[in-house]
Amino acid sequence: MQISDTGHSHMPDFHAVLAREDWQNQTITHLNRLPAHPAFASWRDELAARDNHLSTRRRQLDGEWQFVYARSPFAVDAQWLTQDLPDSRGTPVPSNWQMEGYDAPIYTNVRYPIDTTPPRVPEDNPTGCYSLHFTVEDTWRENGQTQIIFDGVNSAFHLWCNGVWVGYSQDSRLPAAFDLSPFLRPGDNRLCVMVMRWSAGSWLEDQDMWRMSGIFRSVWLLNKPQQRLCDVQLTPALDALYRDGTLQVQATVEATEAALAGLSVGVSLWRGEEQVAAGRQPLGTPAVDERGHYAERVDFALAVTAPAHWSAETPNCYRAVVTLWRGDELLEAEAWDIGFRRIEIADGLLRLNGKPLLIRGVNRHEHHYLRGQVVTEADMVQDILLMKQNNFNAVRCSHYPNAPRWYELCNRYGLYVVDEANIETHGMVPMNRLSDDPAWLPAFSARVTRMVQSNRNHPCIIIWSLGNESGGGGNHEALYHWLKRNDPSRPVQYEGGGADTTATDIICPMYARVERDQPIPAVPKWGIKKWISLPGEQRPLILCEYAHAMGNSLGNFADYWQAFREYPRLQGGFIWDWADQAIRKIFDDGSVGWAYGGDFGDKPNDRQFCMNGLVFPDRTPHPSLVEAKHAQQYFQFTLLSTSPLRVRITSEYLFRPTDNEVVRWQVQSAGETLYHGNLTLALPPEGSDEITLLDSLILPEGARAVWLTLEVTQPRATDWSEADHRVAWQQFPLPAPLALPAPTVPAGAPDLIVSDEVWQIRAGSQCWTIDRRTGLLSRWSVGGQEQLLTPLRDQFIRAPLDNDIGVSEVERIDPNAWVERWKSAGLYDLEAHCVQCDAQRLANETLVDCRWHYLRGEEVVIVSHWRMHFTADGTLRLAVDGERAETLPPLPRVGLHFQVADQQAPVSWLGLGPHENYPDRRSSACFARWEQPLAAMTTPYIFPTENGLRCDTQALDWGRWHVSGHFHFSVQPWSTRQLMETDHWHKMQAEDGVWITLDGLHMGVGGDDSWTPSVLPQWLLSQTRWQYEFFLRCL
């Protein structure tokens, strides 16, 4: 590649640059931008490159820049090129200007935030003008090429240096480099960057995220020598036996034609300080056609005997140092971490190093609750550690290439990455309007090809993605074939275009169900088990998005993982998504809380649909993260027999033995430990072992609720976890003796005191009062102190979950959403009429028999019958049966609730825990005796909803209150009504007491998606009759 001397006397002036309106033209993806290439540092010492020392030729320009905000590019004063304007002020780079007090962030999912008129964008186009004064060393200015590199600018920008226009770039998510050499001068230099919020590129950036602007990634200066490496492609490969390796090297040099002949390129491969291979070759390739060869390029290979393989389990990295020489003079060194691995699709399976992968994946946006889309290395490491600790092995860069440092960290810690082009046109009608338009091919092409040219050297990237939700069209087809030709070492995936698209090597649907078909016109989504069995379909299936984790969600998740393990070609998927995309905000009333769409006056907006995370914005886990961790765990357990007590443990690690794992086990009866033990787990990859825990299981008389609990922990700390980290666990119920002790019935019955208004029942210090008109147990005093703040009442509703609410486009009502069906049925406004309230004192109890009709208008839709059995020891046995009209939809819950005074005591229970769990999301919960502070019994979902349930409980103790039976429960300082009527968690107000909710039945939460009713039939309360029973005491 020949260097040309670039003068700038012909450069256009400020107004001429703006008059072109380059940002309105989809065919202009850049002007004067340098070709894409891997990250460079331009070391001048080979060992410094090997050891990744800071390069003296690379300088970061992050820090405080001057900033001026304008309503459009044409509102900017041309004087800005030479001096700061009066209204300029300091702003950090990187940053989004919306997070610095300018303009408003906008959250939309599908809809474009501007009128859909591609390629044109509004004339009123918020514009940020950044300026910086800097100096460069004389040696930089006098020798070689000095580049400026912007790692990410949203959405397009013009660049000036010392008042002279340098160039233009769009594509918010890939580095843009320019040659500054012709524009630099001794001493002070002034850099000016004009960033437009909207550009023709915005039509390709309609991702489900906050729309923000500015220089949001780092800015660098890089000094390269006069003769320099301008591209290096490294392709490590393994042979057919996955034993020996080859490092394919293609390097391109930029130099004058005269200088090329004396140059050579060297490569050395290092593992730590050990050099494992090296080679050097003069520039020039063999002839490629009748016109000759590439004089500026070199292609050669290094043979590596039995290299350590790279995988997410064993991220063995080598350091490849590529050097440019003039004779024996080292001109420059560049270096990258590489890994030897072979990714391929064979026999219908995605394989790494010959082994079929099981993708334990999650989608991740770059988002920080204070900095917007600015993420630091510490943020990245925090995410990676949490992912690894929770059994994730893969991440999809949704839906754009990430900051360069992200890939380096994934290489080192071990995560498989799907790198995705910054292309989404979800808001177009039809969606493929641009992807099938040849006029947009240059824009599509730049985003895909530059992604590959920038990131291909990273071993963590195992799949390229052509983008997201852009329909199917000729542009995708063309780029699929370009990818297959230019990087045959990786498969390509693309979901757009539906079931029959040919632009993908992997079936990668989003939100396909395990069993149920979704016959959507043009793009049907079959049940995943059916999909892989369709005639002629031989590709693996990996869900690019599934398990929509919005709020209280992730029901049915274990069903997916059962299918993945049963059907080899179902190779996992990527949960949507990692973190709630909320922003910390000081609201108008001075309160501080999490903000979502609409909270900044942004229109249009899709409200809370930006909060679909397994973790809160500050990375505090949701309970659903524990469910994901358990379903994805690398060990499977099978109970072989109970006496002797034998289990089989199978490792799903493909590449590493269990050299840091211990099995801890215990047998418990009603939460009390009977037997326990530890043993070292020594399994080869994919190995299993059958273990005898007890030669004979002998249970004491009266044993009940007997469970075997096994967990696998890692006694030693790892790169991503602390010592004693728990990686897997499982419980099995064990048979208990059939004979149970007969319940004791206290002699005598409580006194029954009758008046016209109430039944009053007394037993020692206990006194219960039932209102004869309403039938409600309205008072319960102990030693003269009243315990109830509200009566005990039936509870048939829950504060709607996001999954109950349905569609994200909040102005459109979906009559099929559960909340709309419940509203239409009048479930939230039922009137209770007591039609029976009888009392009698029997030999050993006093019985109050009450029946209520719940009316929708004049129609009886629910009948509830309570039998309250009061005994002399102060116990209330409450037996409830009921029925609903067949015209009602399935109910969200069947139970009761009441408010009591705060006990200032921890909550203890015998049941599933310790975390929140629901009938269709409880595989990760264990049956035991648990104790937690009251605050831990609430999950503060940002959009308040039903939360905090614990299922399959046999006993509950909180302060004076004791409940036994078989039930689900929650104990919280919030009423269902307040949860329903509040739209942000920080607005929740303290109430006088604490609400106890006891459910006989509770509907599942769903979560296959959040816009259709996704609760599976087995988790719906479809029955029209029910009964349950509790024992309550207040001591």
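Cβ atoms are placed via backbone N, Cα and C, with glycine included.
Mg(2+) 1 binds E424, H426 as Swiss-Prot records it, and from the list E377, E469 the residue named for this site is E469.
Of the residues N109, N125, N316, N917, Swiss-Prot places N109 in the same substrate site as D208, E469, E545, Y546, A547, H548, N612, W1011.
Nearest neighbour of Y546 (substrate binding site) by Cα distance, taken over the binding-site residues D208, E424, F609, N612: N612. Cα distances from N605 (Mg(2+) 2 binding site) to the recorded positions D208, H399, H426, E469, W1011 are smallest for D208. Looking at H426 (Mg(2+) 1 binding site) and D208 (Na(+) binding site), their Cα atoms lie 9 Å from each other. E424 (Mg(2+) 1 binding site) falls within a strand segment according to DSSP.
Between the C-alpha atoms of N109 (substrate binding site) and D208 (Na(+) binding site), the distance comes to 4 Å. Of the listed recorded positions, namely E424, E469, the sparsest CB environment within 10 A is found at E469.
Cα of F609 (Na(+) binding site) to Cα of H399 (site 'Transition state stabilizer'): a distance of 16 Å.
If you check the recorded positions D208, H365, H399, E469, E545, H548 against E424 (Mg(2+) 1 binding site), the ones with a Cα inside 10 Å of its Cα are D208, H399, E469.
Candidate binding-site residues: Y546, F609, W1011. Fewest other C-beta atoms within 10 angstroms, W1011.
In this structure, the C-alpha atom of H548 (substrate binding site) lies 14 angstrom from that of H365 (site 'Transition state stabilizer'). The local packing around N109 (substrate binding site), expressed as other Cβ atoms within 10 Å of its Cβ over all shown chains, amounts to 21.
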